[in-house]
Amino acid sequence: MSMYGRSRVKVPASTANLGPGFDTLGMALSLYAWIEMEESAETEFHLYGDEMAGVAKDKSNLLYQVAQMVFSEAGVTIPELSITMYSDIPLTRGLGSSASAIVGGMAAANAMIGSPLSNAQLFDMATALEKHPDNVGASLFGGIITAVWDGEHTDYIRIEPPEELEILVVIPEFELSTSKARGVLPSQITVGDAVHNISRTSLLTAALAAGRLDLIGRAMQDRLHQPYRAPLVPGMEKLLAEATGHGALGIALSGAGPTLLCMVDRQESRKPELELFLKQTMEEHGIPARTCWLLPSSSGVVAERIEINQMQNESFLDMIKGEKHL
Ligand code: HSE
């Protein structure tokens with residue numbers, strides 16, 4: 001009954017800032033959400049996965065909302081949608097779940113109607129919603145993104161992540177909203193702190209582009225947001241100070257937190273020691289936490305449209321079977 005067909009999307013999680021690159025640097029991670037979208041007689045939601053509990057199942061749902069923005073931008077009207085989603089991306093932990101939903105929902109809606117909007121247009125629209133381009137850029141394009149938003153338009157360069165790079169995250173069992181973690185930031189900083197961050201962000205970007213893993217630890221230092229956010233995440237100060245002594249190349253708060261993210265050389269022999277150090281430090285501070293090994297995701301969002309006359313039989317849940325889950 002639909003003239004538009006069904007879209008299927010796989011979208012990666014992301015980490016933002018990488019330490020000093022506040023609201024600028026992002027990296028896609030090998031942790032994913034999958035979305036299916038098609039026109040329907042009435043709007044309905046099929047949400048799977050532990051992370052989906054509590055997500056709205058009415059037209060206030062973020063996927064529904066961003067889909068309508070895409071339709072409106074493209075000049076089409078599709079008021080009723082069937083939306084299916086499975087996500088492994090923890091909510092409000094600093095792993096870009098809202099950016100993944102925005103990018104995934106936009107890509108699904110765009111693919112459904114034959115992809116009239118370019119990725120550059122989707123990037124501008126997604127950044128206008130998030131107010132910073134780091135997470136949405138990474139989810140959209142994959143790899144490592146350095147981006148600038150002027151309030152209307154985003155300019156960016158995508159960097160292919162160094163092959164030797166592996167990621168270890170420690171995810172505390174508590175939620176921290178981005179607005180709370182932004183609320184503790186100062187409105188003014190010294191020129192000294194600004195120079196500290198500009199120089200390290202530049203060095204980190206160049207080191208990642210050049211594959212200079214030896215420079216990552218020193219380049220990941222930050223004075224712009226992490227010192228102010230540390231009181232919100234018990235154990236963070238110790239982790240930032242000591243993780244490189246346990247085998248991490250560098251460590252940072254992932255986005256607005258509370259997850260912390262270590263960059264690790266794949267060849268590193270002390271991986272179990274590092275994992276134990278992260279978990280034990282959180283526990284010492286009374287915070288249950290889980291660790292997870294990930295890779296940078298080279299691919300960003302992937303969207304396909306399935307025409308009605310060649311609708312595949314593979315079910316949504318079959319599609320995500322065999323993929324890595326948290
Ligand atoms: N750059 C953002 C921040 C990412 O650190 O607040 C969180 O969404």
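Every residue gets a Cβ built from N, Cα and C, even glycine.
Secondary structure by DSSP for the domain 'GHMP kinase N-terminal' (61-143): 49 helix, 7 strand, 27 coil. What TrEMBL records for 61-143 is domain 'GHMP kinase N-terminal'.
There are 30 other Cβ atoms within 10 Å of the Cβ belonging to G94 (ATP binding site). The feature ATP binding site is assigned by TrEMBL to P90, L91, T92, R93, G94, L95, G96, S97, S98, A99, S100.
The domain 'GHMP kinase C-terminal' annotation in TrEMBL covers 206-269.
Helix first, then strand, then coil: DSSP counts for the domain 'GHMP kinase C-terminal' (206-269) stand at 30 helix, 10 strand, 24 coil. Here S98 (ATP binding site) comes close to L62, E130, N135, T178: these same-chain residues lie at least six apart in sequence, with C-beta atoms under 8 angstroms from its C-beta.
Within 10 Å of its Cβ, the residue among the binding-site residues P90, G96 with the fewest other Cβ atoms is P90. Sorted by the number of other CB atoms within 10 A, the binding-site residues T92, S100 start with T92, the lowest.
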